[in-house]
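So the structure is just underneath, and the comments pick up after that.
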Protein chains: 2
Amino acid sequence: MNDASPPAFFRQSHAPDDRQRWAVKIEYDGTGLVGWQRQKAGLSVQQLLEEAAARLAGGRDVPSITAGRTDARVHATGQVAHLDFPISMPLNPRAVRDGLSYHLKDHPVVILAAAPVAPTWSARFSAIRRRYRYRLLNRPSRPGIEANRVWHVRHPLDVPAMQSATQILLGQHDFSTFRAVACQAKSPIRTLDRLDITRDGDLILFDVEARSFLHHQVRNLVGTLQLIGCRRWDSEHLRTALEARDRCAGGPTAPSEGLYLVGVDYDPDPFG
Amino acid sequence: MNDASPPAFFRQSHAPDDRQRWAVKIEYDGTGLVGWQRQKAGLSVQQLLEEAAARLAGGRDVPSITAGRTDARVHATGQVAHLDFPISMPLNPRAVRDGLSYHLKDHPVVILAAAPVAPTWSARFSAIRRRYRYRLLNRPSRPGIEANRVWHVRHPLDVPAMQSATQILLGQHDFSTFRAVACQAKSPIRTLDRLDITRDGDLILFDVEARSFLHHQVRNLVGTLQLIGCRRWDSEHLRTALEARDRCAGGPTAPSEGLYLVGVDYDPDPFG
């Protein structure tokens, strides 16, 4: 994902006068998708959502903006976007939710909630917090049920070692070490508000929260913490890597299929 | 599933002298499978497991017996079976686990553990407890990520009402009301040791344990409890239905995709 400053063509943030803006909460299985953003290479969530909205709007274009531009194969249980429908349409929350879901029925994408919002409200710029969960399956056997839903790591990971290393990462830092080379954000400074690691049977869950993230930041953090979990790195190595402010000093990028955008927070909550 | 008395051709329970018996713990996604038992209609777990074992055994037949003959589309995270390998093969737990999993790699079936057992040990007849979990997604929107992994019920269910109704079902009863017409068990008497219902967000989980179950018993219990959850039945209705000892008095069979065989217990635990 990349929550950084948008390119110029995304900057229009007010709904035009002839439009009504709706916020939608979306769940999707990213396995067969190329990610949020439209691409020629395959189906994106954006394309599916906008095509469903256009069908609901009788063929008129309905542009969308999202809170988190998830990468290919990344999942979401609480993605948020806004859609600008023609002002003439009679809409209500249930009709938007069920109407969009109906037109998405051939795809693993579903609308969980819909709510009308002010023309100045933005799924992207009004967000005060993004919440991600990374799911790692830590056992010798590959996943039988959760293929494409977890990162499978065979060797046993030291969870307490990873937990204590998170202290180095929490708070405000220059996260250049954990930022994709292609990241478009102007600043590499971010504030990590939460990085909890818990074991649940064979699963290791990473719960990560911040106002916004750099491109690949969560996956780069998890990939690096995994080096600590298998004792190839210690905490001092992590501190040195963070202070290097250089992607080359960081660990590998954890695979996209373990990552879930679980929620985006707004104040007030439009779905509240 | 059907854990009842086996047909005659299953009764051979001792491993022959030229065989070594191994217990295996299996996880599978039942979605594309016809269930445990071999059928001409499609791929079964039994066929996949026995073909993998035959490849490991250099082409020789390796018969299997399972603890729970799950139906089509039912999943397992802790199924147990035993396999009779030729006595001449040098085997160890890791080689059996990883060798079988390797030959299963094109299918959503994986071996979690393997252990040598006595020739008289039986995955089916030595089991002292079967544990099932039924997962119900209770929200207006269909599953985006967990299609084929849950039963989707749109209308809100009254979990406390279902919880208090379980008191009627716990313990030893004639469960004819909750038994598939095709069930082969000699007796409809079973002892339900656990029936816990918990809500976890939009999921409602039914955790059910007994020494053995009748065919469709868990799915029939869940389908009937759901009638209480949506207030079409009250507890008295459930009591009357149980006492009728008649499948026609029971509620509908909950769909197979919500059901998981999560574990089978033995004393001692061969995988311990």
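Cβ from N, Cα, C; glycine included.
TrEMBL entries are annotated by machine, without manual review.
Features as listed in TrEMBL:
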ACT_SITE  B:Asp71  active site, nucleophile
BINDING   B:Tyr132  substrate binding site
DOMAIN    B:165-267  domain 'Pseudouridine synthase I TruA alpha/beta'
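Residues belonging to the domain 'Pseudouridine synthase I TruA alpha/beta' (B:165-267) score a mean pLDDT of 97 in the model. Between the C-alpha atoms of the residue listed as 'active site, nucleophile' and B:Tyr132 (substrate binding site), the distance comes to 13 Å.
The residue listed as 'active site, nucleophile' falls within a strand segment according to DSSP. The residues of the domain 'Pseudouridine synthase I TruA alpha/beta' (B:165-267), classed with DSSP into helix (H, G, I), strand (E, B) and coil, number 37 helix, 31 strand, 35 coil.
Each of the recorded positions B:Asp71, B:Tyr132 was scored by the number of other CB atoms within 10 Å of its CB, and the largest score is that of B:Tyr132. In the three-state DSSP classification, the residue listed as 'substrate binding site' falls within a strand.
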